[in-house]
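Now, the feature entries from Swiss-Prot:
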| type | residues | note |
| --- | --- | --- |
| SITE | Glu166 | site 'Required for function' |
| SITE | Asp203 | site 'Required for function' |
| SITE | Glu225 | site 'Required for function' |
| SITE | Lys227 | site 'Required for function' |
Amino acid sequence: MADVDELEDPMEEMTSYTFARFLRSPETEAFVRNLDRPPQMPAMRYVYLYCLCEQIQEFSGETGFCDFVSSLVQENDSQDGPSLKSIYWGLQEATDEQRTVLCSYVESMTRGQSENLMWDILRNGIISSSKLLSTIKNGPTKVFEPAPISTNHYFGGPVAFGLRCEDTVKDIVCKLICGDASANRQFGFMISPTDGIFGVSLDLCVNVESQGDFILFTDRSCIYEIKCRFKYLFSKSEFDPIYPSYTALYKRPCKRSFIRFINSIARPTVEYVPDGRLPSEGDYLLTQDEAWNLKDVRKRKLGPGHDLVADSLAANRGVESMLYVMTDPSENAGRIGIKDRVPVNIFINPRHNYFYQVLLQYKIVGDYVRHSGGGKPGRDCSPRVNIVTAFFRKRSPLDPATCTLGSDLLLDASVEIPVAVLVTPVVLPDSVIRKTLSTAAGSWKAYADNTFDTAPWVPSGLFADDESTP
């Protein structure tokens, strides 16, 4: 890689220095040819990150990652710094705790997501939470060629709506539901420290601590994945088909009125699935409560090939979601609070992409807890996971100009009015996690082998039935 001082635009050079380009570089290919065995992950991922950070630290001022790697290298065999070989072997021998420190540096450097160039670059060669299901189904065809992150979203569309309302949902969870629990609301890119091929970024996590620039996850940490439902956005108007059902829910918050509200649109977000039947892939929430069975829809039986779905359904069927109905600011001097709580039998759909999204978040945060000292002896190091479904209405002339969440947290004037929040706990069986990650890792390995002459091997711990992969 060219020296930064020789580049007309070092930032432009950085944005093109992907993991794929690193693997194809003459320096890397020469280094690999001199090894007595193929290079391994995650060490090669960290070697790449070292090379990237070494180039950008001259104008970013961030030296922590490279300094920590240097402390792991036994020999400095060059006046210009350690060789790739020395760096690789230092990282190959690193402990999971040391690798987690390296990943924590990366997370701290990449906060801001779409506004952070490094966050975009690091997705190359990574199976992210949003790509996990497609990788299992179709292979990682886009993992080494991810589409650029788009920030130009139509204001009135669903993506812009979700981005606009996400902070409001975080405020509701942190202030009104969790009672001002310690929380982190902005995360960088979190690479799995033990394998280097999976990565996630969280919306919100409560019960976390700070250690300098690092986030310390604990065995009490709770992840919240936020979904703002654009298709339920409605107006306070008798001509809006959703409004009458919302009015009934607001006047009498209960299971029956919530069922009416959810089914007020053509493709409702909750699907009724009786025991022993296969859910569709249409949306991400299910129920087995007969009260939701409003129309006769024939469903296939669970059968051969549905083992993971069956295991996940069995683990989640008993889950109780909590619906929080919010007060109307036009009736409460602009104040939005929790009007009522309604428990409902709603759980996640294990055939939907969002299930795999939170599965990978659960796995990686669990790795951070185990390898960063956040877990107490004798306690499960796994975090809790919830998916949050938020419903909004458009602003009305009757709404006060200034609205607050609780008594003092100002609601941005550009954001719609939150009317209800559904919090759904997610249970992730170990067998489902192992099989899912094993399948995805095998797909990543096969694609890398066919794409790169210097493809690094994947850790054997990801392969439940394959002892041949080092």
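Positions of Cβ are set from backbone N, Cα and C atoms, glycine also.
Features as recorded by Swiss-Prot, highlighted on the structure.
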residue : record                       : DSSP class
Glu166  : site 'Required for function' : helix
Asp203  : site 'Required for function' : coil
Glu225  : site 'Required for function' : strand
*Rounded to an integer, what is the Cα-Cα distance in Å between Glu225 (site 'Required for function') and Asp203 (site 'Required for function')?*
6
*How big is the Cα-to-Cα gap, in Å, between Asp203 (site 'Required for function') and Glu166 (site 'Required for function')?*
8
*If you count Cβ atoms within 10 Å of each one, which of the recorded sites Glu166, Glu225 comes out on top?*
Glu225
*Between Glu166 (site 'Required for function') and Lys227 (site 'Required for function'), how far is it from one CA atom to the other, in Å?*
8
*Same-chain residues at least 6 apart in sequence whose Cβ lies under 8 Å from Lys227 (site 'Required for function')*: Gly162, Tyr284, Tyr354, Ile387, Val388, Thr389, Ala390
*State the count of C-beta atoms found within 10 angstroms of the C-beta of Asp203 (site 'Required for function'), not counting that atom itself.*
20
